[in-house]
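Here is what Swiss-Prot records for this protein:
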- ASN149, LYS150, LYS151, ASP152, GLY201, SER202, SER203, GLY204, ALA205, GLY206, LYS207, SER208, THR209: GTP binding site (BINDING)
- CYS284, CYS289, HIS291, CYS297: Zn(2+) binding site (BINDING)
- 331-359: region 'Disordered' (REGION)
- 349-359: compositional bias 'Basic residues' (COMPBIAS)
Amino acid sequence: MSQPNSILMSYGWDPSIYLEEPKLLEGLKPGRVLAVYGEYSKIIIEQGEKKGIFSGALMASGESIVTGDWVLIREIEGDELCIVEKILPRKTFLRRSNPGKRKGSQAIASNIDLLLVIMGLDNDYSPRRIERYLFLAKVSGAQVTIVLNKKDLCMDPENKFMEIKTIAGETPIEMISALDLKQTRTILQWIDPGKTITFLGSSGAGKSTIINSLLGGEIQKTNEVKVSDGTGKHTTTRRELFLLPSGGVLMDNPGIREVGLFSEGSEDELEEVFPEIAVAAEECRFNDCSHNEEPNCGVVAAVKDGRISEARYFSYLKLSKELMAYQALNDPEEARKKKQKDKQMSKALQKRLKDKGRK
């Protein structure tokens, strides 16, 4: 089989990753999922676009296909339809937990190289949301860059930049006004040819304006943002990959714009987002310390003496509690093990918030 050498490589295909895939020798062709529309998907192969439907075996397996997937397809001669025979291994995979109290998680997107976290420096500004997004990126395996937008609407952009910098650690940060095309184009320095980027951010953060600037036209419609509260809606409902004129692949996926994203992860990954807590935890008396009411807790001591800010501490406890709740929902044994610790965490968090309110 001849290897793709132009179209698919522009969409990020790396032949070396899949050379060992035996099905490539069975008359199948690689392609990438550009968009998913219910029972079929739009797939790009070296010869152009196809409409993909699942094979019977793949449908029976229960696997779901998402925008960004690399797949192996079997063409139907003389037809725009093709049969998706296999979903290739994902190098990164973005999920969120199912709504409500349902078990499991929803696949959102795959094979993302870079997550751009977009946050407005107006009423959209929230350091705590940045922490949540950094954790989501850590779990997905993708790299992340933070883009602080609307600096022209902020009275103290430098102070907010420094506040986010203390949270972000080594994560790159750009501060722009998306209405200034020159400033928006600075984002391109983070996007290599063939690499896939996508966005995280709440409605009204300026994602649509940035997307249109990067794509060189009004691909995504935008609604006005209310002056009173800074809110707005990104009106796209499609999930699709676009080639950037400068190289790279842009994914606009409405399923990953929400603030409440949360899914699989580990306590170790959470501590990577809160490194000061990980350091202080080394001083804890107990290895399974929940950093609440246990005696000789290094984290609580660090909060009391100012080495860890209360805001960061409460944010960590909140995310840790969510993580435990997700794990317990999906693992009955884990639920039994975590039940007592969860009660202690809730009680301690309420007490600390109450004590803080009295000061």
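Every residue, even glycine, has its Cβ placed from backbone N, Cα and C.
Looking only at the binding-site residues CYS284, CYS289, HIS291, CYS297, the one with its C-alpha closest to LYS151 (GTP binding site) is HIS291. Spread of the GTP binding residues is 19 Å (greatest Cα-Cα distance among ASN149, LYS150, LYS151, ASP152, GLY201, SER202, SER203, GLY204, ALA205, GLY206, LYS207, SER208, THR209). With respect to GLY201 (GTP binding site), the closest of these binding-site residues in Cα terms is HIS291, chosen from CYS284, CYS289, HIS291, CYS297.
Neighbour counts of Cβ atoms within 10 Å were taken for the binding-site residues LYS151, LYS207, HIS291; the minimum is at LYS151. Each of the binding-site residues ASN149, SER203, THR209 was scored by the number of other CB atoms within 10 A of its CB, and the lowest score belongs to SER203.
Using CA atoms as reference points, the binding-site residues ASN149, LYS207, THR209 were checked against CYS284 (Zn(2+) binding site), and the closest is ASN149. Here CYS289 (Zn(2+) binding site) is positioned 37 angstrom away from SER203 (GTP binding site), judged by their C-alpha atoms.
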